[in-house]
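> Checked TrEMBL, it gives:
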BINDING   HIS114, HIS215  heme b b566 binding site
DOMAIN    10-228  domain 'Cytochrome b/b6 N-terminal region profile'
DOMAIN    231-403  domain 'Cytochrome b/b6 C-terminal region profile'
TRANSMEM  39-65  transmembrane segment
TRANSMEM  95-115  transmembrane segment
TRANSMEM  130-152  transmembrane segment
TRANSMEM  159-180  transmembrane segment
TRANSMEM  200-222  transmembrane segment
TRANSMEM  243-265  transmembrane segment
TRANSMEM  312-332  transmembrane segment
TRANSMEM  344-361  transmembrane segment
TRANSMEM  373-392  transmembrane segment
Amino acid sequence: MLDKIMKTQLFAWIDKRTGAEAIIKSQLTEYPAPKNLNYMWNFGSLALLVLVLQILTGIFLVMYYKPSAEATFGGFTVAFDSVERIMRDVNFGWLIRYMHAVGASMFFVVVYMHIGRGLYYGSFKSPRELLWIIGVVILLIMQGAAFFGYLLPWGQMSFWGATVITNLFGAIPVLGEYIGQLLVGGFAVGDPTLNRFFSLHYLFPLLLAAIVGGHIHALHVVHSNNPEGIDLHKPEEQIPFHPYYTIKDAFGVAFFLLFYCYIVFFNPQMGGYFIEVDNYVPANNLQTPAHIAPVWYLTPWYTILRSFESKLLGVAAMGASLAILFVLPFLCRSAVRSARYRPVYKIMVIMFFVDVIVLGYCGHSAPTATLKVVGQIATAYYFLFFVALPFLPKFEKTKPLPEGI
Ligand code: HEM
């Protein structure tokens with residue numbers, strides 16, 4: 001189909017003025033990709049798809065949503081009511097809202113798989129350090145966008161989640177309280193907070209779109225890693241992106257859409273994991289919910305925060321747990337990339353994946369003495385994984401790498 005479009009007179013006219021044909025050929029149709037990429041390499045294109053879906057559904061939601069915490073005659077607030085109106089009165093409003101709310105969680109599912117793939121196959125290592133660093137920036141912006149978005153329905157969890165997190169700034173010495181007040185727009189979460197968060201929630205995905213452009217550009221300069229983690233030297237080790245990976249990505253998209261549609265149509269709450277039940281209760285600043293927890297994709301970091309008695313230490317550890325991702329490419333000194341050829345790293349990285357799930361579980365659950373200790377051990381391993389990386393090459397005996405693929 002693309003071939004047919006590229007043969008039209010209109011395309012020839014555009015090409016003469018933009019060089020579009022050369023760009024499409026070098027960046028898409030004839031872009032060389034390793035011939036052995038497995039399905040773990042589908043998550044990049046899926047992340048792109050979900051980003052587009054989030055922006056599109058978000059644009060429609062904004063047409064009806066009202067960012068105001070003022071009370072209505074019914075005793076609720078304008079924001080809460082506008083979300084209920086979207087669900088009940090707007091044509092297909094329920095669909096657009098569920099696509100967006102489920103899409104937020106699916107975005108993190110896909111991006112966490114994408115990051116996990118990068119960790120397992122050593123895609124963060126030279127020459128892809130900058131590509132990885134841009135990825136970490138993307139992750140932080142995604143987390144910010146999700147956090148800001150969660151306040152918008154102005155439910156109990158929206159309100160108290162934002163209160164807990166914005167209060168954390170107070171722990172930062174000197175400037176902390178000032179930053180907190182600037183973000184909240186006062187001394188407590190209220191109408192100005194909702195307006196600020198709404199504005200940032202709109203801005204962040206657009207920022208994401210621009211940064212993802214940079215991410216893909218950086219990828220196309222250094223090219224994809226592959227499951228063997230080796231550099232490719234022979235032309236026969238590569239295949240053109242189109243039709244081989246366009247069709248493989250399309251298969252991944254179809255598979256993903258099956259899951260996504262199932263959840264959107266049949267189970268949008270996902271047992272309270274994707275949309276918390278407490279958030280169907282309107283925000284009440286006089287009634288603290290029994291258990292406040294962020295949505296599942298933020299709970300690993302919430303556990304790290306809660307693992308320390310001192311608020312300042314907790315905030316510092318949570319910041320460090322994200323910041324350490326930036327320096328990962330420089331911590332890992334082994335010459336071998338893929339975990340397939342690194343027996344010790346393979347065990348460590350699989351344990352790391354389990355560890356993050358444990359951290360997530362602890363953060364989601366109501367705190368108990370046992371879970372607190374489990375969370376503290378999991379937090380310790382989270383950091384140990386990164387701290388141990390520079391020393392690993394000293395005692396890890398890597399397996400011999402293949403000559404080619
Ligand atoms: C909106 C979110 C993101 C989008 C749309 C996106 C998109 C992509 C795409 C299309 C690719 C090429 C296909 C593939 O390798 O899967 C890619 C590769 C890559 N991405 Fe992302 N990405 C996102 C987030 C991230 C994050 C959060 C990280 C890391 C923290 C990251 C790190 C990487 C790395 C290291 C590669 C190269 C993988 C390899 O060649 O093995 N990306 N990304």
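Numbers here mean position along the shown chain, with the first residue as 1.
Placed from the backbone N, Cα and C atoms, the Cβ positions cover glycine too.
Looking at the shown structure, can you explain where the listed features end up?
For HIS114 (heme b b566 binding site), the same-chain residues 6+ apart in sequence whose C-beta sits under 8 angstroms from its C-beta are PHE43, GLY44, LEU46, ALA47, GLY135. DSSP assigns HIS114 (heme b b566 binding site) to a helical segment in the three-state reduction.
The domain 'Cytochrome b/b6 N-terminal region profile' (10-228) scores a mean pLDDT of 96 in the predicted structure.
Long-range neighbours of the transmembrane segment (39-65) within the same chain, counting only residues 6 or more positions beyond its ends whose Cβ lies under 8 Å from a Cβ of the stretch, are 79, 82-83, 85-86, 90, 93, 96-97, 99-100, 103-104, 106-107, 110-111, 113-114, 117, 120-121, 152, 202, 205-206, 208-209, 212, 219, 224, 227, 245, 248-249, 251-253, 256.
Long-range neighbours of the transmembrane segment (95-115) within the same chain, counting only residues 6 or more positions beyond its ends whose Cβ lies under 8 Å from a Cβ of the stretch, are 40, 43-44, 46-47, 50-51, 53-54, 57-58, 60-61, 83, 86-87, 135, 138-139, 142, 146, 149, 256, 259-260, 263-264, 268, 270, 273-275, 295-297.
Within the chain carrying the transmembrane segment (130-152), a Cβ under 8 angstroms from the stretch's Cβ atoms is held by residues 65, 67, 79, 83, 104, 107-108, 111, 114-115, 118, 123-124, 158-159, 161-162, 165, 189, 193-194, 197-198, 200-201, 204-205, 207-208, 211-212, 214-215, 218-219, 222, 294-295, 297-298, 322, 325-326, 328-329, all 6 or more beyond its ends.
Residues 147, 150-151, 188-189, 193, 197, 283-285, 288-289, 292-294, 305, 311-312, 314-315 of the same chain sit 6 or more residues outside the transmembrane segment (159-180) yet have a Cβ under 8 Å from a Cβ within it.
Within its own chain, the transmembrane segment (373-392) has Cβ neighbours under 8 Å at 300, 303-304, 306-307, 317, 320-321, 324, 328, 331-334, 342, 344-345, 348-349, 351-352, 355-356, 358-359, 362-363, counting only residues six or more beyond its boundaries.
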> In the same chain, which residue numbers or ranges, 6 or more beyond the ends of the transmembrane segment (312-332), come under 8 angstroms Cβ to Cβ?
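For the transmembrane segment (312-332), the sequence-distant neighbours (Cβ-Cβ under 8 Å, at least 6 residues beyond its ends) are 122, 124-126, 128-129, 132-133, 136, 139-140, 168, 171-173, 301-302, 304-306, 379, 382-383, 386, 389-390, 392.
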> Should anything in the same chain at least six residues away from the transmembrane segment (344-361) have a Cβ under 8 Å from its Cβ atoms, list it; otherwise answer none.
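Distant Cβ neighbours of the transmembrane segment (344-361) are 116, 119-120, 296-297, 299-301, 303-304, 334, 374-375, 378-379, 381-382, 385, 388, 392, 395-396.
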